[in-house]
Amino acid sequence: LECHDQQSSQTPTTTGCSGGETNCYKKRWRDHRGYRTERGCGCPSVKNGIEINCCTTDRCNN
């Protein structure tokens with residue numbers, strides 16, 4: 001599986017996920033600088049106030 005892994009509004013980059021990982025994620029939250037976005041492999045659990053979207057196809061988390 002190939003997932004996007006750039007932070008917030010940086011130029012898109014991708015990474016190959018290891019260990020048979022089948023999910024990509026896009027996590028979004030707000031801090032004093034505005035909205036922040038994190039992308040990567042997996043589907044981590046998140047705290048309240050953090051929005052997360054998980055998906056299962058190549059580059060689906062941009």
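Using N, Cα and C of the backbone, Cβ positions are placed for all residues, glycine too.
Among C41, C43, the cysteine that Swiss-Prot records as disulfide-bonded to C54 is C43.
Among the candidates C24, C55, the disulfide partner that Swiss-Prot records for C3 is C24. If you measure from the Cα atom of C54 (disulfide bond) to that of C24 (disulfide bond), you get 6 Å. Closest in space to C55 (disulfide bond), of the disulfide-bonded residues given as C17, C24, C41, is C24, taking the CA atom of each residue.
Residue counts for the region 'Disordered' (1-22) under DSSP, helix first, then strand, then coil, are 0 helix, 6 strand, 16 coil. Neighbour counts were taken at the CB atom with a 10 A radius for the disulfide-bonded residues C3, C17, C43, C54, C60; the maximum falls on C3. Cβ neighbour counts within 10 Å, taken over all protein chains shown, single out C24 as the most crowded of the disulfide-bonded residues C24, C41, C55.
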